[in-house]
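Features of the protein shown, as given by Swiss-Prot:
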- 1-24: topological domain 'Cytoplasmic' (TOPO_DOM)
- 25-45: transmembrane segment (TRANSMEM)
- 46-51: topological domain 'Extracellular' (TOPO_DOM)
- 52-72: transmembrane segment (TRANSMEM)
- 73-404: topological domain 'Cytoplasmic' (TOPO_DOM)
- 405-425: transmembrane segment (TRANSMEM)
- 426-435: topological domain 'Extracellular' (TOPO_DOM)
- 436-456: transmembrane segment (TRANSMEM)
- 457-462: topological domain 'Cytoplasmic' (TOPO_DOM)
- 463-483: transmembrane segment (TRANSMEM)
- 484-501: topological domain 'Extracellular' (TOPO_DOM)
- Asn489: N-linked glycosylation site (CARBOHYD)
- 502-522: transmembrane segment (TRANSMEM)
- 523-545: topological domain 'Cytoplasmic' (TOPO_DOM)
- 546-566: transmembrane segment (TRANSMEM)
- 567-583: topological domain 'Extracellular' (TOPO_DOM)
Amino acid sequence: MRQDMPKPSEAARCCSGLARRALTIIFALLILGLMTWAYAAGVPLASDRYGLLAFGLYGAFLSAHLVAQSLFAYLEHRRVAAAARRSLAKGPLDAATARSVALTISAYQEDPAYLRQCLTSARALLYPHTRLRVLMVVDGNRAEDLYMVDMFREVFADEDPATYVWDGNYHQPWEPAEATGAVGEGAYREVEAEDPGRLAVEALVRTRRCVCVAQRWGGKREVMYTAFKALGDSVDYVQVCDSDTRLDPMALLELVRVLDEDPRVGAVGGDVRILNPLDSWVSFLSSLRYWVAFNVERACQSYFHCVSCISGPLGLYRNNLLQQFLEAWYNQKFLGTHCTFGDDRHLTNRMLSMGYATKYTSRSRCYSETPSSFLRWLSQQTRWSKSYFREWLYNALWWHRHHAWMTYEAVVSGLFPFFVAATVLRLFYAGRPWALLWVLLCVQGVALAKAAFAAWLRGCVRMVLLSLYAPLYMCGLLPAKFLALVTMNQSGWGTSGRKKLAANYVPVLPLALWALLLLGGLARSVAQEARADWSGPSRAAEAYHLAAGAGAYVAYWVVMLTIYWVGVRRLCRRRSGGYRVQV
């Protein structure tokens, strides 16, 4: 007769946890030390006679990282494909046993065209009708916000939708209304014990299939909190979605399959693609970058069950777990300031902190709007970088509960911007022109190799244009990251609603300072090289390499820009005129 294994005692579990923490800290410090030493020492692994074409230990480390990341992403795609074949063999989902799901949509001053696409796609989701609820919460209850409520009522007209305009929200002060008829000093008065608006919202959400609530403005986190709190424990899973997102009909079903297959998975995200890639060169490059971010970087994380961020446009959470950390998630503070951005990343971190896995599936897909102007894109990236640095610190507390890859990748990605900035400044101020050009060639070469792998994985030649994103990172995103680092405790939506686009010029300041630093260093280096003696054999070889390298760099840009203008701008119809909003 088999005997049950004894459960470990509380002391044993505590010791095991402390040991894992200690080993994780040692591993993180080891990675940090090796990277810093490899960068600072500049150990060359291969070099030509004059040291002009050199390949160092740090470059080898980054190359190995990219190869490993690509390999694990490929293996994860194969794993997802195998799971899809198993699901297909099981047949369609049984409506009687399907998990109940609530689709929550966060809306704020949305472009009516995008909002209509979002709501229409929500209607078209291929999921058992009786097991799916739709809840949209509008951040704002003024007259100019109610067009979103009207559109919800119009799109779901045949579903008997319920709409409610709430004067407050869950966290706005509420004054009980006195009962009428009680007059005179000391007279008996009856007051309402609870907010009638909250009670009405919760009653509608838990009894009606399609509900839209417009509440007092409070920010996106307030909107999401209302949806989660009002739902309570009435559903099994909660899907998050933004109002500018168009869902693929199979998006929800594929997410549900991931959670159904493994109870250890607490949340799963899908493939977010760009809805407006042809609006501008910024949105086009963003569309390529998005694909790699999800199908290479997050696919790699998913292989180790530790996706760092379930993206807001398309994610699914186990509701019983979400309700456990809902209050802590909403009340998050950083340096004494209440956090109002980085909602999706902190939701993911809360799930990881409980020891549950987070996954990504490329079979679930949606299309979301991205900024088409450089200024708005810069504001968006600054906001995302703020939440990244802040959540990096929180995420570090739970590295020991997950695979070592989570620790390794967090350290590498966290240090990377600082090493890039240090390299650029050192070359501009202390390096020779050829050294600067050699680094630029290496950067574009690595970017082209990564783009070529993405083109092969996706089966789309146009992905090679992703290599053009490298200069955008170096010149725009890198200084924005440092602005984000020093302004992490400043809260807000970060980007404006799409109905009324507002320019934010604050992120331009670090770009201007960065440009002045680089121009100053370049002028200094050019002046020094102009006075140098170029008659020696090493200098002659450097001049030859400089001419050949400059020719290769210019040729690369000519080819890539030609592909972009001919293959993208001229052969694809571009949406012009920005947003045409009619309410």
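Quick reminder: no glycine exception, Cβ is built from N, Cα and C everywhere.
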Helix, strand and coil counts within the topological domain 'Extracellular' (46-51) (DSSP): 0 helix, 2 strand, 4 coil
The residue listed as 'N-linked glycosylation site': tally of other CB atoms within 10 A of its CB: 14
Interface check, the transmembrane segment (436-456) with the transmembrane segment (502-522), three or more C-beta pairs under 8 A: no
Ranked first among 25-45, 52-72, 405-425, 502-522, 546-566 for CB pairs under 8 angstroms with the transmembrane segment (463-483): 502-522
For the transmembrane segment (405-425), sequence-distant contacts whose Cβ falls under 8 Å of one of its Cβ atoms, 6 or more beyond its ends: 24, 27-28, 31-32, 35-36, 39, 58, 65, 72, 300-301, 304, 306, 308, 392, 395-396, 399, 439, 474, 478, 481-482, 517-518, 521
Contact set, same chain, for the transmembrane segment (52-72): CB under 8 Å, 6 or more residues outside the stretch: 34-35, 38-39, 41-46, 296-297, 299-300, 303-304, 405, 412, 419, 434, 438, 442, 446, 449-450, 453, 541-542, 545
Positions on the same chain near the topological domain 'Extracellular' (46-51), where near means CB under 8 A and six or more residues out: 537-538, 541-542
